[in-house]
Amino acid sequence: MTMEAKGYTQDGTVDLQGRPMLASETGKWKACAFLVGYEAFERMAFYGIASNLVNYLTTQLREDTVTSVRNVNNWSGAVWMTPILGAYIADSYIGRFWTFTVSSLVYVMGMVLLTLAVSLKSFKPSCRNGVCNKATDSQIAFFYLALYTIAIGAGGTKPNISTFGADQFDDFDPREKELKVSFFNWWMFSSFLGALFATMGLVYIQENLGWGLGYGIPTVGLILSLFIFYLGMPVYRHKVRKTKSPAKDLIQVPICAFRNRKFELPNNPLELHEFELQHYINTRKRKVHHTPLFWFLDKAAIKEGSGSTMEPSRPPCTVTQVEGAKLVLGMLLIWLVTLIPSTIWAQINTLFVKQGTTLDRSLNSSFSIPAASLGSFVTLTMLITVPMYDRYFVPFMRQKTGNPRGITLLQRLGIGFVIQIVAIGIAYMVEVRRMHAIKVHHIAGPKEVVPMSIFWLLPQYMLLGIADVFNAIGLLEFFYDQSPEEMQSLGTTFFTSGIGVGNFLNSFLVTMVDKITGRNGRTSWIADNLNKSHLDYYYGFLLVLSTINLGVFLWASSKYIYKKEFIEQKEGCVQIELKPKDTSPLGLQV
């Protein structure tokens, strides 16, 4: 009797004790309901720090603008880069659940340390009338120790919680696979909710009621969300690791291909080494169809006796293994063209905030909007756009294209990149207007308020929010969907590491632009006194970079070939999961 006939999941998922799971009683949104709570609170904690960190560094620790922007970018970069290690540990050793469990405790410890760093007198610089003394070396060291403890914890939680959620849907069950199409949209929706509370509520609390309370609230929320997470343990599905070290193939394939570099490839790809389809059905693995992309790697699958000198102790790689390596190379190509968009995104928590502090932020005589709170409009826009995208745009486009997602994953990214270019173009124009107002009103002091409402910045924030619905969700889904089966946690780190490298790249650009433009006594484009700087030039520079990057993206996406898998649907019937070729003018293949 098959697993399906017994009512068990068809993808081989088990409980923590290794027992098969009943499909009707486990997984799906029933399980994900416990996970989204953690995601919302974790994002609230992260954005509660990231969105206003530049202000804490400049006002409390008295760092200059360039140093504070660089430190924010370096920390954000670390938060988004450490998932590479966390994903590797999960895929190769202890699995997603246990990696998440250990890392979440480190994350909470970091939040507790950070709350202490901004609350206890011995850990923070003393302030009088809003002016703080310079922090001691030990105070700075303790503060950054707490920040980077959070970064280490995020390394194990970020790549595994979303993929663990996606694991709750059985790809071998057509009904569950259909539910999974919307998973990443609503997963990010919960993430946006946490970010919204951080940028609207926590930022105000930090600046008006105290930094300790502003960091203490998300710390308590994070601890509460972990209790909720563990309540769902009976209904969680866990994927069994079928390969001891899935990342090993990434090294083995190019080595075998290099060893066979002098031999001719067979004219027919079917002559390359591959297991019978029944092997994959029996082991519940997926056989990946051969593609012509990166053909030189196919030499790793040349059979013994076909001109190869492969030793019996070193069997050739299978076509599926080779295609896994090709997938990673293809994703790397797409990853490279996401770095500039990630650099644009980094402006939200850095220069956009500093720009906002120079503008008129008062709503009335007694209330002023914290500059960092404008980031809440990014999140609000996302929260409005995600349901519209999922409920209206996808069904409408599905009728037009026949694609279950409405549009292809790369088309989704392309649309997001175009909107982002429009956003940075508007940011440039608004900054030109701000500079004009400074000139007309003869403003020179660093703390003088430019007579221009902070709401002039609203369009650039909102457009970046719309762009992120296409970009952030699209990238997360793309890298999960296109990863080799055994490397999906590691695959999603393409998403997180892209954001991380984007932050480091922004840090590098800000530092270099400041040094180059500030030579020979000239005023830097990004000086401490933004009223004498030229942020408009820097935004123009980013606009040119983004436009060039879009052209490179269109080229890279036209070369990309999507993953093709053989999947057993019913007993005795095997289907090859192929994605129809897209004939759109963008030339983005599916």
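Heads up, the Cβ atoms here are built off N, Cα and C, so glycines get one too.
Record note: among 126-147, 368-389, 368-389 is the stretch given as transmembrane segment by TrEMBL. Beyond the ends of the transmembrane segment (184-205), by six or more residues, the same chain brings 32, 36-37, 39-48, 51-52, 162, 165-166, 213-214, 217-218, 370, 372-376, 378-380, 382-383, 386-387, 389-390, 469, 472-473, 476-477, 480 to within a C-beta distance below 8 angstroms of the stretch. With a cut-off of 8 Å on Cβ pairs spaced 6 or more residues apart, the transmembrane segment (537-556) and the transmembrane segment (409-430) reach 3 or more such pairs and are scored as touching. Comparing 72-90, 368-389, 461-480 for CB pairs under 8 angstroms to the transmembrane segment (327-348), the maximum falls on 461-480. If you count C-beta pairs under 8 angstroms between the transmembrane segment (409-430) and each of 211-232, 368-389, 461-480, 492-513, the highest count goes to 461-480. When each of 72-90, 211-232, 368-389 is scored by its Cβ pairs under 8 Å to the transmembrane segment (96-118), the top-ranked stretch turns out to be 211-232.
Tertiary proximity for the transmembrane segment (211-232) is limited to same-chain residues at least six positions away from its ends with a CB under 8 Å from its CB atoms, namely 31, 33-35, 37-38, 40-42, 44-45, 48-49, 52, 56, 60, 104, 107-108, 111-112, 114-115, 118-119, 124, 198, 202-203, 205. Highest Cβ contact count with the transmembrane segment (72-90) among the listed stretches 368-389, 461-480, 492-513 falls to 492-513 (criterion: pairs under 8 Å).
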